[in-house]
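Enquirer: Pulled these features from TrEMBL for this protein:
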type	residues	note
REGION	28-53	region 'Disordered'
COMPBIAS	38-48	compositional bias 'Pro residues'
REPEAT	89-123	repeat 'PPR'
REPEAT	190-224	repeat 'PPR'
REPEAT	290-324	repeat 'PPR'
REPEAT	391-425	repeat 'PPR'
REPEAT	492-526	repeat 'PPR'
REPEAT	527-561	repeat 'PPR'
DOMAIN	706-798	domain 'DYW'
Amino acid sequence: MITIKPQLPPPIFHTSFFKTSNQKLPSVIFKPDQSPKHNPPPPPPPQTPNYHQPNLVETQQIHACLIKTGFASSQDIISLFTSKTHLTSSANYNFLITSYTRLNQPTEALTIYAQMRKGGILADSFLIPSAVKACTEMSWTRMGEELHGYALKNGLGSDAFVNNALMHLYGESGRLDSARSLFDKLFDRDAVSWSIMITSYSKNGLYEDTLEFIREMFTEQVKPSEAGLVCMFNLFAELANLQMGKSLHCYLIKNLNVGVQLGTSLVDMYSKCGYINSARLVFDALEGRSIVSWTVMIAGYIRCYKLGEAAGMCRRMLEHNVVPNEITMQSFVTECGFAGALEFGKQIHAYILRKGFCFTVASATALVDMYGKCSEIKSAKNLFYDLETRDVMTWSAMVTAYAQSDRINEAFDLFIDMRNAGIEPNQVTLTSLLAMCGKAGALDLGKWIHAYIDKEGVEIDIILRTVIVDMYSKCGDINSAKRVFTEVTARDTGLWNAMICGLAMHGHGEEALDIFSKMVKHGIRPNDITFIGTLNACSHSGLVSEGKKIFKEMSGFQLVPKVEHYGCLVDILGRAGLLNEAYQIIRSMPIRANIIIWGTLLAACRLHKNLKLGEIAAGELLQLKPENCGYNVLMSNIYAAANQWNDVSGVRKAVKDSGIKKEPGLSVIEVNGLVHEFKTGDRSHPGMAKIEEVLVEMRKKLKEAGYVADTSAVLQNITEEDKETSLTYHSEKLAMAFGLISTSAGTPIRIMKNLRICHDCHAATKLLSAIYGREFIVRDRKRFHFFKQGSCSCGDFW
């Protein structure tokens, strides 16, 4: 039994109702003058047959015997496996169906069920769960529904075993509404019923609903099964919810003996929450550790980037004569990808080859995925093309590798090759492509993928639906995002969050607040991301009082504000000119302010020309991250606005002497299904000659319209003319010029930029939208800007 006691927060679960009884067994009492009588030993109990479950061959033999007799009478062979010697025809069928189902032969089980029904033999409450389980394994939901109807028709609708089997069927097939309906109507819910619902909702990504099931189960004083407990620990590990994980650990210590399976899930939970030392304490206390226990512990060290400890644990595992298998090595490779531990991953790859492990498609896929996540595209590509056999997961891993490295054109080329090879992409492939389109702002490609999903009839689960909404939002098509969102009836927290964050990015603060309100009314519990999106919406729309109110509402949902939430609040106050209030918020925070918060305050000081607070914020930033050039630019602008030119020169000299380089601007534009990248000052694009012609034309027309370049952001010690030329070659202007020569008149030009758009480019783009009669849609690091007819949707508030 594990006796390691974690330091616990206030208990979440009700544990008093499972106290172990303190009653003692009665002892034998003798009188002082008596001695115990030596009675003869009782006769031995009658011998009972040592029954065992039949294997597949034995089941097939029984099946053959029953076919010969027409299932009319029991056979001697069946008595070897059951205490019943006189079985009815229905019981014979039940025996076979249950046996085939247990032996992972669902097709045979369902074939026998069909024969039984054809013969007019009634199924009972013992047979139907086995048949439903076979349907679950085959993903035959339609046949499961037929069994459901049969059960209702024959008065078995309230049977707990039948309902549990049906709930499991619907849960595994994603029909959570049907599973929930059965669960709500079930009067006699047992631990299995709760475990099925918890597992089903967790597998489908509805984590908030799963947590609600867990709370309700403990409130109703239902003792969870071991399978349910393992699922809970897995959920807490997935959510990195250490508080609930510790509370459940406390419940185990008080009420249960923790075996290897539960102990292993505890190790996994602590390691995925980043508490690797606690994981090690639990691991060391485990008796009879399995290969899974060792795998989880070593994988935890890799995940936490404690590679020395991971290597040492590998040696210790071998010393204990525990031999790693293929699953073990795949787990290690997967964690290397998660942690970005490329060199350690290469060592594991070499170990796999050196020790002669069976190099399966699954192993190769894990390695391709690991190299992709570590941005080692060359190794991933070489491994992928060396494979003789590739399945859909291998193709998906390579597509995802390209996507994670922002190689969007190569990713789509591979997607076409995948289809030409006869491999149908799955939801993983499509999710990666859509996420990549959203990141790059490639609306046309994203629309094409969405159309492919609809045309091919790909099943759209809640995750894929969420990615579609997110893609449209990030590509600037908020109306399509709202349309897809509205079409969904069963929305989880992630989908609500995607819509709120999308509206925030577009500056639609009132709509975002309305969606937040509807989310709460629908009983969906907001999380940290919900509040970040809602606060950002208030910030981009100047909704100060609403933002303050939303921030205070966090406590009502048992959420503690994190540094990101404080950053949003500081941004709301700073943009509104409430700089002193923003500064007091920073000083009163229970956690230390990071560079994001001080940078937000510095940007607000630049906007409102507050030199005093600007210097305070700049001083904090120099201590936290002195190598960031962007903050020096902001401070230089503040000094310039105050006409303190000596200080401006001092900042510029400090930047020059330190060798700090500003992060280069990068803008992306999609034209005719191809994505083109432009870096500030880069002239390597194949169409650069024509682009420069348009740049000259743009500059001439801007001057004619009375435009004066804002050179305050240029820190180099060069002439004003050279500064203006430098601004002309900003990445977004290069992308605009390319868009003007590559798209037809009247077509909106969409540009995605990695940095916040500068004041000069913002002012110039407003004028250019009127000069050329074109709409420019620019997404910068903060939000969307829709430039049209000389104005911007942000109202110059960004």
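Backbone N, Cα and C define each Cβ position, glycine as well.
Unlike curated entries, TrEMBL annotations are predicted automatically.
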Enquirer: Hey, which bits of the same chain come close to the repeat 'PPR' (391-425), Cβ under 8 Å, at least six residues off its ends?
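Expert: That would be 361-362, 364-365, 368-369, 371-373, 375, 377, 380-381, 384, 432-433, 435-437, 439-440, 442, 445, 456, 673-675.
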Enquirer: Among 290-324, 492-526, 527-561, which stretch has the highest count of C-beta pairs below 8 Å with the repeat 'PPR' (190-224)?
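Expert: Per the Cβ under 8 Å count, 492-526.
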Enquirer: Which bits of the chain, at least 6 residues beyond where the repeat 'PPR' (527-561) starts or stops, bring a Cβ under 8 A of a Cβ in it?
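Expert: Here the qualifying positions are 208, 493, 496-497, 500-501, 503-505, 507-510, 512-513, 516, 519, 568-569, 571-573, 575-576, 578, 782-783, 794, 797-798.
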Enquirer: Apart from its near flanks, which chain residues at least 6 from the ends of the repeat 'PPR' (290-324) lie with a Cβ under 8 angstroms of it?
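Expert: The answer is 260, 263-264, 267-268, 270-272, 274, 276, 279-280, 283, 331-332, 334-336, 338-339, 341, 344.
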Enquirer: When the pLDDT values for the repeat 'PPR' (89-123) are averaged, what is the result?
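Expert: The average pLDDT of the model in the repeat 'PPR' (89-123) works out to 77.
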